[in-house]
Amino acid sequence: MLAQPRGVRCALNLRHVSSHSRPHSSIGSSSTVVRHNHRRRPSRKNLPTGKATTTPTSTTATSTHPLDELTSEEITRAAEAVRNAFADTELRFNSVTLAEPSKKDLTLFAQDGPEKTPKRTAEVVVLVPKTGEAYVCYVDYEANDDVQTNKLPLGTQPPYSPDDCFLAEDIVKADEEVASLLKERYGIEDLALVACDPWSVHLAEGLDYKPLQWRDDGVPARLVQTFLYLRHDADDNHYAHPIDILPIVDLNARKVVAVEGVDRPAPKLPTASVNYHRNKLASNEYLQTEWRKEVLKPLHIVQPDGPSFEVNGRHVTWDKWTLRVGWNMREGLVLHDVAYDGRSVLRRGSLVEMAVPYGDPNPPFERKCAFDVGDYGLGYCANSLELGCDCLGHIQYFDVTQADAEGAPYTIKKAICMHEEDDGILWKHMEYRNGHAESRRSRKLVLSFIATVVNYEYLFYWTLHQDGSIEFQIKLSGELSTNLLSEGEEAPAYGVMVAPGVNAQVHQHMFCARLDMDVDGSANSVAEVDVETLPVDASNPHGNAFKAKKTVLKTESDAKRTYDSNACRTWKIFNPSKINEISGEPVGYKLVPFTSGAAQPTLMTSPSCAVNTRGEFATKNLWVTSHSDDERYPAGEWTPQSTGALGLPEWTSKNRSVENTDVVCWHAFGVMHVPRPEDFPVMPCETTGFMLKPDNFFTGNPSIDLPPVEDKMSKEESSCCSE
């Protein structure tokens, strides 16, 4: 069913660099360059069959910009080059993606044009299951597909690809011990009705976790824990029927190496039908069994003259905004070069990490914490979007192409959706003395994608507004990851019963956005702005004084900050060399937290918890670093089975200056989810997000030049009060 790693034969031997160096870094003489000319297309016969929303592609479109993601042809070439570079070695491809040029090289390209075009390079991550080794390879398309290989420290685990997740489930279902346990404990014989949710293993006890040490030949284990559920049929909601045993899979060995939870008596499994699927609604035992009789009348979004945006490849122009659409398997959608009326605002913006800890200390749930971006890759988890449902109106879609475990390209059709929406009133005032009103409606441009990470749906929306604001909103939907009560529990101590016999645990979703700000240039500073109440004194005799106080964050240590709603705290990213002629203040944009959804806490696990060590980024709402191309992910480059304080805590220990320099803002925010029965069987969207709002960037409201428009398609409904 799944793409299997294949042995490849080549007469070359490799020397390897022992650390991860990117191609534009100083790699030194120990790097390996392999040259080959022969190109062969990999076989497609063993591709995964479980990708219902993706199709293989054979397009050979030529890239027109250094940030355009790899084409199918480029993925095939890169995979072939790496395959040929490893002699007699069975490889499993983890990812084949664009190695983005350095910011310096991109700046030169923007200034000087094609003669400064950065070289085109693929970043290829491969694993050798037999040895447990992992490599980052760089393929230079402009140098005869030369390959440079960097061997990662033994035990380093790249993200789990979709093929890895399918493989883990196949391994569990093929295991005789698991089959015997399911039959003996629960009478389950048809394993086709068993769902195995693949989760990364959070090492709560560190490297002492026994399944890590199951083999004695020095080959590291690549572990996946699989939470089990029972389906009544293919469409049944299996989260209503959790099973309490937990198989642990080693993907390198392709075997189940442990089964946890067998030491307690087998509990009775919940059997109630609790469904949302259109084919299963009639089976519900206590929820609705038929469609509601009174349905809302159709609401159509039409643009008879077409949309207002223009698209040239991946470059988008809309109103006074310009931007470039990017994509990779880890971050999913990336916005590049966001500018308003030709003035730079955001050089690169994306979601770069998540931490999702569950608050139940009962075994095995202390190991239930996924770092969804680093562990699985949002791009890998992306949906193919449906017109008229996921996206409404006049839609521009962007397809994306990625690689499977064989290194073969496949395309996710309609992975990115772009469209315009009405956004209500942008501004209005009526002069009450004469009744004259001026009002303008707001339009917004929305770029979105949706990722399904096992049970959860994450809906990501980047929005550009006509007042110069940039908004990032996340909606959370999908299904709760459910479980049975732990042994000895009569009611859940750390969760909520959401169906008969079904517990949903309290958990957090902590997100981190990486914002490479270039506000009217790359030399920026950051200030924390609080509104403070002033003491009663001679200058404030009536006690009514309060004002905004700005504190410049001078170093990376100064810039580790937490949100304070009582102070109306914001952070202003400003350009000290550009002064607003009206206010006398430097031009800037302010980061406003929690503009969507309620304000939420930082990471709630204990400071001594391994979640805090690995996910220290989520203990603060803001970090500011001096820009470095190699500082990409706030919990470190490789999160599966990680144990150290990597990423932001490591980088900021240098305590570099962040004044009047090229800065990157890392904004951590999240959702505390205390489940409700109303969240089951499928969850209405929860929301969170932030805005970047112009603050002294303009000399006034930038949208007063919008002409008045009367929508003649609007219709007044007659009523007793309409005369």
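Cβ atoms are placed via backbone N, Cα and C, with glycine included.
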* Structure fact -> Among 103-125, 701-723, TrEMBL lists region 'Disordered' at 701-723
* Under DSSP, the domain 'Copper amine oxidase N2-terminal' (65-130) has how many residues in helix, strand and coil? -> 28 helix, 18 strand, 20 coil
* **Residue counts (helix, strand, coil, in that order) that DSSP gives for the domain 'Copper amine oxidase N3-terminal' (159-259)** => 37 helix, 25 strand, 39 coil
